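Take a look at the structure below.
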Amino acid sequence: MAYTLPELGYAYDALEPHFDAKTMEIHHSKHHQAYINNANAALEAHPELLEKCPGALIKDLSQVPAEKRIAVRNNVGGHVNHTLFWKGLKTGTTLQGALKEAIERDFGSVEAFQSEFEKAATTRVGSGWAWLVLEEGKLAVVSTANQDNPLMGKEVAGVSGYPILVLDVWEHAYYLNYQNRRPDFIKAFWNVVNWDEAARRFEEKVATCGCAK
């Protein structure tokens, strides 16, 4: 069963003025779709791998034939990352409860967490992602290059952990609206974080990868 583009669950202009509608439309319908197309092409001869949860597939790339591994890492990784990103966006939610308590425990304050997250997102050279992850019961901020995901583990991605929150810092995520002002885009992110989804991922520690095919 081939991967398909997941619905956002909200309109392209739902995150205005922080994330503009044109960027959201192109990012979702063009960029994400391209990763899906490439992932399906890479796995066309391996339907048994297409049946797996994409998150479970990238968590153990040794399942993938060596000649397809880079394509799967980049394109299934891109599919998983973008799906998590879309689910993590919403206006009007509030950080509270167990996740807020854990952030204050592990970073000292919400403000200190935000500062560390912004630094990780700002200093990621080139294309990549900033993440809040849960590893061995503790929250941490990490960043990955290209379409790597902490689920891939340290040997592949250089970092590891279970994704709670993620921000795309590829230029295509912000350039139409923010041009070279990546720090402004990162600041705007706090206005559209879906804290309810982040809390769900933290509290339930869901076993599935959280992404649709």
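Each residue, glycine too, has its Cβ placed from N, Cα and C.
Small disclaimer: the values here were computed from a predicted structure and weren't measured.
The annotation Mn(2+) binding site is assigned in Swiss-Prot to HIS27, HIS82, ASP168, HIS172. Of all Cβ atoms in the shown protein chains, 13 besides its own fall within 10 Å of the Cβ of HIS172 (Mn(2+) binding site).
Comparing the binding-site residues HIS27, HIS82 on other C-beta atoms within 10 angstroms of each C-beta gives the minimum for HIS27. Around the Cβ of ASP168 (Mn(2+) binding site), the number of neighbouring Cβ atoms within 10 Å comes to 25.
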